[in-house]
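Have a look at the structure below, then the notes.
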Amino acid sequence: MNFFERIYGVFFQPRETMADIVRKKPVWEGIIVLIIVSLLSSVLAFKVGISGQPIQPGPGFSHAPRLNNLFFGFIVFGSIFLTPILYFIYAAIYHFLAEVLGGEMYWREEKEEGEAVVLGTAKGLYSAVCFAVLPNIFSALISPFLMKFMGGIGGVLLGITVSLGIFIWIAFLNILAMKENYKLSTGNAALVFFMPVIVGIVIAILMAIFLGSVFAGVFSEMMRSMPPIQ
């Protein structure tokens, strides 16, 4: 498959395409896809106002255009440089979890032509993870406009539904890639994908509980130290 065939295949032949990507390991093609999708999503979200309403100038505050340009520049910088690094970290974590859950690392697949392909590599997984973000294009094009122009709770709920559907689609693509790359079962591949999400939610809950208890203790101490109202 070439670059454009892989893009087409992600949407219409996901199983065959993910199998091809983890074998051919087109890392730079994956990074290009990731940057384009990230830029499109972030810029549209910024322009429409989902990721933050543009700051408007007001009395005594004339730096709003400069701040808007600064935010926009940060979005572009993050999409081009930070997002590929972030997904590299994701792929490294998935690679480690796949090994822990019994995935086959660096195994050889013999082809009929006599060639051998090495699978179970982090490079192959990273390429697949990058291509798997392609469905985010639909979320980038649809969700901001639903929330902006439909208005009300209906638009918000519809936008959330679209985003959830896109997330499930992306999860499906990642699970296909992990199954093909590491010879994992569907259940173990799904566990590899969702485990960082589950751990992140648990950590967020624990941090919220900890911070809540700290602030409650501080607030209680402040209330006790206040002089009584006469």
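Each residue, glycine too, has its Cβ placed from N, Cα and C.
Unlike curated records, TrEMBL annotations are generated automatically.
The domain 'Yip1' annotation in TrEMBL covers 9-207.
Remote same-chain residues near the transmembrane segment (31-50) are listed as 7, 71-72, 75-76, 78-80, 83-84, 87, 130-131, 133-134, 136-137, 139-141, 143-145, 147-148 (criterion: CB distance under 8 Å, separation of at least six residues from the stretch ends). TrEMBL lists 31-50 (among others) with the feature transmembrane segment.
The feature transmembrane segment is assigned by TrEMBL to 70-97 (among others).
Per TrEMBL, transmembrane segment is recorded for 125-146 (among others).
For 153-177 (among others), the entry in TrEMBL reads transmembrane segment. Cβ atoms under 8 Å from those of the transmembrane segment (153-177) belong to residues 10, 14-15, 18-19, 21-22, 94, 125, 128-129, 131-133, 135-136, 138-139, 142-144, 146-147, 186, 189-190, 193-194 of the same chain, restricted to positions at least 6 beyond its ends.
If you look up TrEMBL, you'll see 189-219 (among others) marked as transmembrane segment.
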